[in-house]
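Enquirer: Dumping the structure here so I can ask a few things about it.
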Amino acid sequence: MLIIETLPLLRQHIRRLRQEGKRVALVPTMGNLHDGHMKLVDEAKARADVVIVSIFVNPMQFDRPDDLVRYPRTLQEDCEKLNKRKVDYVFAPAVEEIYPQGLEGQTYVDVPGLSTMLEGASRPGHFRGVSTIVSKLFNLIQPDIACFGEKDFQQLALIRKMVADMSYDIEIVGVPIIRAKDGLALSSRNAYLTAEQRKIAPGLYNVMNSIAEKLIAGNRELQEIIAIAEQELNEKGFRADDIQIRDADTLQELTETSKRAVILAAAWLGQARLIDNQSVTLAQ
């Protein structure tokens, strides 16, 4: 496994891979890797000749400076895990390598609508930062496929739209959420949880299951369903942030013709803002 930190060296290897006709898969990450990331790597390995994992804590997508500062950086441990998985390349650039002129005045990629709705409304600039860095990685690495986790449901929808709108010839692969045995979705931010909070954390998944059961049963009183769910979360020790029930295919409000719903949930537990989602097939 080769660790690459500079753009010239990355471009050199990408040119060689292209000349050799290799099928390249990209797994973009911000590091602090867990089993969910390893599932992305496994999916990439099954679909390509060469796997490149990027590790870059992207300052452009953080809406709070304190969150950027305390985001876990575990490059050595991450590389050890990826080496065991027989990843071919790790691209781990410094911020100055990606944004040599700084963020002020940086050209960015913005996806209208999806960037500012739902999660984007509560985290201004977040999705603009995501689409910009992913676009830069696509331009640099020129992958044939790129793997993203379905845990970040809105982010995946945003990337798919960007790829379509910008005419990238890249297959976007969504990989299902990996959960702990108690149902908690694996996330780098779970590291913020205390031992006691970790015991409470699966409650978010349980509340989503309760919402799903009501939707499957035909209940469409969405405001009431959400209000009850928020109350349940608060009683469990969370601070409910945002719960939405949307059309899984459009992320717009549910209509009578919606075939699938997605439950999008975000809640604070101590210093950790946990997000999760669950898709439900609706009776027609």
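Residue positions begin at 1 at the first shown residue.
Each Cβ is built from the backbone N, Cα and C atoms, and glycine gets one as well.
Computed from a predicted structure; not experimentally measured.
Annotation source Swiss-Prot lists active site, proton donor at His37. Under the heading ATP binding site, Swiss-Prot lists 30-37, 149-152, Ile178, 186-189. Taken from Swiss-Prot, the feature beta-alanine binding site applies to Gln61. What Swiss-Prot lists as (R)-pantoate binding site is Gln61, Gln155.
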Enquirer: If you draw a 10 Å sphere around the Cβ of Glu150 (ATP binding site), how many other Cβ atoms fall inside it, taking every protein chain shown into account?
Expert: 17
Enquirer: Could you give the Cα-Cα distance between Ser188 (ATP binding site) and the residue listed as 'active site, proton donor', in whole Å?
Expert: 10
Enquirer: According to DSSP, collapsed to three classes, what secondary structure does Glu150 (ATP binding site) have?
Expert: coil
Enquirer: How many neighbouring Cβ atoms, not counting its own, are there within 10 Å of the Cβ of Ile178 (ATP binding site)?
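Expert: Total other Cβ atoms inside 10 Å, all chains included: 18.
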Enquirer: Cα-Cα, whole number of Å: Gln155 ((R)-pantoate binding site) versus the residue listed as 'beta-alanine binding site'?
Expert: 12
Enquirer: Other than its own, how many Cβ atoms are within 10 Å of the Cβ belonging to Leu33 (ATP binding site)?
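Expert: Result for Leu33 (ATP binding site): 24 neighbouring Cβ atoms inside 10 Å.
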Enquirer: What's the CA to CA span in angstrom from Leu33 (ATP binding site) over to Gln61 (beta-alanine binding site)?
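Expert: The Cα atom of Leu33 (ATP binding site) is 18 Å away from the Cα atom of Gln61 (beta-alanine binding site).
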Enquirer: Taking the Cβ of Met30 (ATP binding site) as the centre, count every other Cβ atom within 10 Å, in any protein chain shown.
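Expert: That number is 19.
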Enquirer: How many Å separate the Cα atoms of Gly36 (ATP binding site) and Gln61 (beta-alanine binding site)?
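Expert: Given the Cα positions, Gly36 (ATP binding site) is 21 Å from Gln61 (beta-alanine binding site).
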Enquirer: Judged by the number of other CB atoms within 10 angstroms, which among Gln61, Gln155, Ser188 is the least packed of the binding-site residues?
Expert: Ser188
Enquirer: May I ask for the distance between Met30 (ATP binding site) and the residue listed as 'active site, proton donor', taken between their Cα atoms and rounded to an integer number of Å?
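Expert: So the alpha carbons of Met30 (ATP binding site) and the residue listed as 'active site, proton donor' sit roughly 10 Å from each other.
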Enquirer: Hey, of Gln61, Glu150, Ile178, which of those binding-site residues are within 10 Å of His37 (active site, proton donor), Cα to Cα?
Expert: Ile178
